[in-house]
Amino acid sequence: IHEILKKNKAISPDDICAMPFGPIGCIENPSKRMRPNPVAISNEDFKASVSVTRPNVNPIKILHVTDVHYDPRYVAGEESSEQRQKCTKTFGCCRNPTDKNSQKNFWGSYHFCDTPKSLLDNSLKQMAQRHSDAKLVYLTGDIVRHHITELNYDSLKKDSIYVFKQAMKAFKDKPILFALGNHDTDVFGMFSPNKGDKSAQGKVYAFYKKWTEKLWKNGKLTKKPKKIQWPKNGEGYYTVQLKERLRVVVLNSNVPYFYNWWLLSEGHFYQQQLQWLERVLNQAEKDNQKVHILSHIAPNHHSLLPGWSELYEAIVKRYRNIIVAQFNGHSHYDEFSLVYDSDKPVSVAWNGGSLTPHANKNPNYHVVTVEANNFTVSALESYSMDLEEANKNRSIDPQWKLAFNMTQEYSLSDLSLQSLDGLVQSMTKNEALVEKFWRHKVKNGARASKGLTPECKASVICSIVTTKFEDPRRCEWVKNAITWSYD
């Protein structure tokens, strides 16, 4: 950070306040130097229909795993409340339990602790055995632990390689597509413009590029799988053609991350990724392809720059008919969000939750069924384990159970944008439905038992319908549409 400030005399106090500290209520008025440049978006009307119909083809099952947060230094036992209070300042659990009985919390702990080796290894094994019919895996970032003060380049490599190897071993015949998370850097949240493999950031980028290639080659979807296409000067994002008519775009959401201090140095460098995205989507449209977009941080999360979210939303609206699904992580919530054009939903982003129980949530993952004729999501199942129950006996494998099937749980005819919008409409009229959604959102962890105020319930709905964090227009619509008591 010192080097960034030292080399860039033009950085103003307003820039610092608006970028790294914007999410905690600081001013949002960066200098003109920091404001986003427009992205050139094709002004052709989006195609009314991009047909990829292939009759009599079986659906494709995809495992969506996110936010592993592997902690090799986890220590079983139980911490006192006083101990936990002190250790929250370290961004993770204490690892110095008051009660050092290794029988307690063997599989993990709710109290700001990440995924121990026992939970990681067993979970991957059970996923692979239970869902042997899955064809590929989406792994959307945050491989390493939350203890940011412990990480450096060497520990980042060591821990990431362990997770990657375990995943490749478990899913031995399945390709794995990986998206970088904000913790997947040697300095938390930092991701600079790539200055070559000899730079500090260049080493991290080269490391993940190498392993992304290995993960992709872990299995085959087709007889002749396509190669990953990396942009010439890109930083951690890429695209690959999965099947003849399906393309996956993997974004690096670290670039527009609020706590990426490198944005103070080069405020516009995230525009490069968005312009690349537009070109990829434009070509996909010409090639009659459908697209899945993977990114660690969901586009409506408060930790992304508003400028990025606004430009990204414009791109999604333009290519609404080829972007059939988005997949994210980061929040540790089991949730989804919709992108609207006026009052019409045009895209959906599915958040896979987290394998880590940090904080006060049960581990989970998704099984997504994609129709082979148009690659839309036709079914989504969330599987979770009760960590408290699992910890009662370390000698028995944790019981992963189906937490919910999206269509069955909410009585939806399908998972079309219209059906999901209908679910949102129903929430504004049915308070109990919001409470059910909240329990699943926090994965029936410790927070599920706590009551929600009317304002919090409205916020739950608001988080679904906003592309930019707490967009006042969409949130105002939610408040006006609510028919249950708001007082």
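Yeah, the Cβs are placed from backbone N, Cα and C, and that goes for glycine too.
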Write down the one residue from HIS301, HIS302, HIS332 that TrEMBL lists together with ASP67, HIS69, ASP142 as binding Zn(2+) 1.
HIS332
Joining ASP142, ASN182, HIS296 at the Zn(2+) 2 site recorded in TrEMBL, out of HIS330, HIS358, HIS366, is HIS330
When you measure from the Cβ of HIS69 (Zn(2+) 1 binding site), how many other Cβ atoms are you left with inside 10 Å?
26
Pairwise Cα distance for HIS296 (Zn(2+) 2 binding site)/CYS113 (disulfide bond) [Å, integer]:
20
Other CB atoms within 10 A, centred on HIS296 (Zn(2+) 2 binding site):
28
If the Zn(2+) 2 site is taken as the center of the Cβ atoms of ASP142, ASN182, HIS296, HIS330, which further residues of that chain fall within 8 Å of it by their Cβ?
THR66, ASP67, THR140, GLY141, LEU180, GLY181, HIS183, ASP184, SER253, ASN254, ILE297, GLY329
I want to check the contact list for CYS113 (disulfide bond): same chain, sequence separation of six or more, C-beta distance under 8 angstroms. What comes out?
ASP71, TYR74, GLY92, CYS93, ASN105, PRO357, HIS358
